[in-house]
Amino acid sequence: MKIPNTTSNITGFILLGFPGSREGQILLFVLFSGAYLLTLTGNDSITCVVYWDQRLHTPMYILLANFSFLEICYVTSTIPNMLANFLSDNKVISFSGCFLQFYFFFSLGATESFFLAIMAFDCYLAICWPLHYPTLMTRRLCSNLVVSCWVLGFLWFLIPIIIISQMSFCGSRIIDHFLCDPSPLLALTCKKAPVIELVFSTLCPVPLIILCSFIMGSYALILKAVFKVPSAAGRRKAFSTCGSHLAVVLLFYGSVVIMYGSPASEHEAGMQKIVTLFYSVVTPLLNPVIYSLRKKDMKMALQKFLRLLKVLIKNVLEQLESKIVFNLFTNIYKNRI
């Protein structure tokens, strides 16, 4: 790959991604394509099942459906461009494309953090206040919380990203990452901007610390309530209600805290890529498996939905086959005439 080097103002960037031989790039393309398709299929299945099954029209599953849709958007903000780069020789991303990816990736990541906190709050109400849960977590409150998560997530990084996009970039156009990340972007600016770097180094950890503390506090209260349950069956039911969410929280926050909870200078480029890959690709891939296996209602609804889908596909294929046979005999009859 030929990498241009220029000291003029930059009109695009080069995402190095995962450098390697042509065969290695094709192998990575196949692996990430499979992961992307599985992520889309799994999360889209959860979204469709919750929409289709009236029994799942409860706050817990409405939040889960929004979270699954969010995961689809999250992986789509990075993987398609990554796949294109695997097959490209120059690996160039335009200036506008880079900052659009930058904005959507971080906005969707912030939205995911807010959703995880709201889902922890929902678990807390369901377990610690079971008798008052229907009156506390109403459909209206759930809708307001969902809208708040989306709005706050997309407003959190808006102004800093606009400010960075207005800065001048000089020197090398190379970003040693598979996405447009703030640290390598700020390193390419013509003039150092310590204030902007401070703003970003604050904006990333602050919501993580606050939301993570809120989630951990919620689960501390949940565990306290669970251990007071006299029967083992009751404790198992409580753990099954929120165990899947806790697993997702640990997967997501564990990798994000490693990435943004400490100074960027402490991470090598390879480690940054691996950690970012984990919370941006691996976690969305595992989420449908975790939720479908841990939640009995979701598992039953998925099985029912898949059976219905199988019947629909079978009927469509039979109709197509009948139409093809009918057209074939029609053509034969016309030719004889």
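Even glycines carry a Cβ here, placed using N, Cα and C.
Quick caveat, the model's predicted, so the values are computed rather than measured.
The domain 'G-protein coupled receptors family 1 profile' annotation in TrEMBL covers 42-291.
For the transmembrane segment (26-52), same-chain residues at least 6 beyond its ends with a Cβ under 8 Å from one of its own Cβ atoms are 18, 20, 61-62, 64-65, 68-69, 71-72, 75, 79-80, 82-83, 86-87, 281, 284-285, 287-289, 291-292, 298, 301-302, 305. As annotated by TrEMBL, transmembrane segment applies to 26-52 (among others).
Long-range contacts of the transmembrane segment (58-80) within the same chain: residues 32, 35-36, 39-40, 43-44, 46-47, 50-51, 101, 104-105, 108-109, 111-112, 115-116, 118-119, 122, 126, 137, 139, 141-142, 145-146, 149, 178-179, 241, 280-281, 284-285, 287-288, 291, 297-298, each at least 6 residues beyond the stretch ends and with a Cβ under 8 Å from a Cβ of the stretch. Taken from TrEMBL, the feature transmembrane segment applies to 58-80 (among others).
If you look up TrEMBL, you'll see 145-164 (among others) marked as transmembrane segment.
For the transmembrane segment (208-227), the list of distant contacts is 113-114, 116-117, 120-121, 123-124, 127-128, 235, 238-239, 242, 246, 249, 253, 256-257, 260-261: same-chain residues at least six beyond its ends, Cβ to Cβ under 8 Å. Feature annotation from TrEMBL assigns transmembrane segment to 208-227 (among others).
Per TrEMBL, the feature transmembrane segment maps to 239-262 (among others).
The feature transmembrane segment is assigned by TrEMBL to 274-293 (among others).
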Query raised in the report: Near the transmembrane segment (145-164), which residues from the same chain, at least 6 beyond its ends, have a CB less than 8 A from one of its CBs?
Result: 62-63, 66, 99, 102-103, 106-108, 110-115, 118, 182, 185-186, 196, 199-200, 203, 207
**Report entry** Local confidence of the domain 'G-protein coupled receptors family 1 profile' (42-291) - pLDDT mean
**Finding:** 84
